[in-house]
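J.: According to TrEMBL, the feature active site, schiff-base intermediate with substrate maps to K249, K302. For C172, C174, C182, the entry in TrEMBL reads Zn(2+) binding site. The 5-aminolevulinate 1 binding site annotation in TrEMBL covers R259, R271. Summarising the annotation, TrEMBL assigns 5-aminolevulinate 2 binding site to S329, Y368.
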Amino acid sequence: MSFSTLVSDLHFRDNANDRASHASRPSARSTTGSYARSYASTAATSVSVSGDISSQLHGGYSHPLARSWQAERQLTKSMLIYPLFISDQPEEETLIASLPNQHRRGLNRLTSHLEPLVRKGLRSVILFGVPIAPNVKDALGTAADDPQGPVIQAIRLLRSRFPSLFIVADVCLCEYTSHGHCGILRDDGSLNNTLSVDRISDVAMAYAEAGAHCVAPSDMNDGRIRAIKLKLIESGIAHKVVLMSYSAKFSGCLYGPFRDAAGSCPSFGDRKCYQLPPGGRGLARRAIHRDIGEGADIIMVKPASSYLDIISDAKEIGKDMPVAAYQVSGEFAMIHAAAAAGVFDIKTMAFESTEGILRAGASIVVSYFTPQFLDWLES
């Protein structure tokens, strides 16, 4: 019985009852109302029973705990990776204006910042080196694997001070090259993929040998996963180093605050010829297949919120692998800006956006909200 038929039937019965009992039963109207309510209840129940009873869903999420059980993946502290910008100036602690509440820190400022977070349950960080010293950048990015550089020194410090902390080292050259691109260039300004892969894989090895638990190449050069994996095997450390590939990293306008923090803006051109085009779902799927075949242990999608379909694709293609997603600096800054304008509550939106990423298929999230999540998840 449809809802409109039910209403018509109730109206007919109300009128019939009213006419039949008007003279002899002064209280018939209240009785009719009671009967109508009873009939409506009985009819609604019979509709459900005789129809599709699985349509009755509300009871299944009527309690806060029951609602939490509906999630395939619930955010936990172990899912979070906290991005850190490590300066080569030991005493630096500079607020990044375009990236709310985030700082660029030198080694001497790092331990005091992380100690309370580790106590609260911080499990993992990802390191981005930021060379500030004059004349340190060159065409080959030679400072990237300098033993006295910020990343290698930070790896050694964190391994010593926080033995339980899982350390991911981002592997790229853009912070260290004078031109700001993610590899070695040809004379015409295009990317020399062969030389870039050789260089990137050397940097990854330096970070792994310094003690990084995970190396994460973000450069998007073709074949760099295979090159890194082979060098890890040849060095006898492939069994203890996780290789996380930025497999589906899209070009776009959401990286601005990060580039402010890392000083990694290209001095000319853009990165559209090696990062994926925003509409390139097929390219992303091919890149994911390729990197899995080349030995990646984890697949990453970046950015996250605009590419939930790609996260879902990554989980479908790599169904037996962890999938990571990076909620990038622009996504984070937009949430802060909208919250500051009164559009929504920042905590609510931080959870909503992250839960969307998890629902799409990720089980690891690189998030600037990590320090807040450590508190929010506790409460």
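Positions of Cβ are set from backbone N, Cα and C atoms, glycine also.
TrEMBL labels come from automatic prediction, so no person has curated them.
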J.: Quick check on the recorded positions: of K249, R259, R271, K302, whose CB has the lowest count of neighbouring CB atoms inside 10 Å?
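T.: R259, out of the recorded positions K249, R259, R271, K302, has the fewest neighbouring Cβ atoms within 10 Å.
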J.: Among the binding-site residues listed here (C172, C174, C182), identify the one with the smallest other-Cβ count within 10 Å.
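T.: Least crowded of the binding-site residues C172, C174, C182, by Cβ count within 10 Å, is C174.
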J.: May I ask which of the recorded positions K249, R259, R271, S329 is closest to K302 (active site, schiff-base intermediate with substrate) if we compare their C-alpha atoms?
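T.: Comparing Cα positions, the candidate nearest K302 (active site, schiff-base intermediate with substrate) turns out to be K249.
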J.: Neighbourhood of the Zn(2+) site (C172, C174, C182): other residues with Cβ within 8 Å of the Cβ centroid, in order?
T.: L173, E175, T177, H181, G183, S218, D219, S264
J.: Which ones are near R271 (5-aminolevulinate 1 binding site): of the recorded positions C172, K249, S329, Y368, which have a Cα within 10 Å?
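T.: Final answer: none.
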J.: With C174 (Zn(2+) binding site) as the reference Cα, tell me which of the recorded positions K249, R259, S329, Y368 is the closest one.
T.: R259
J.: Compute the C-alpha separation of Y368 (5-aminolevulinate 2 binding site) from R259 (5-aminolevulinate 1 binding site), stating it in Å without decimals.
T.: 15
J.: State the Cα to Cα distance, in Å, between S329 (5-aminolevulinate 2 binding site) and R259 (5-aminolevulinate 1 binding site), rounded to an integer.
T.: 9
J.: Between C172 (Zn(2+) binding site) and K249 (active site, schiff-base intermediate with substrate), what is the CA-CA distance rounded to a whole number of Å?
T.: 13
J.: Over all shown protein chains, what is the count of other CB atoms within 10 A of the CB belonging to Y368 (5-aminolevulinate 2 binding site)?
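T.: Around the Cβ of Y368 (5-aminolevulinate 2 binding site), 24 other Cβ atoms lie within 10 Å.
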J.: Over all shown protein chains, what is the count of other CB atoms within 10 A of the CB belonging to S329 (5-aminolevulinate 2 binding site)?
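T.: Around S329 (5-aminolevulinate 2 binding site), other Cβ atoms within 10 Å: 25.
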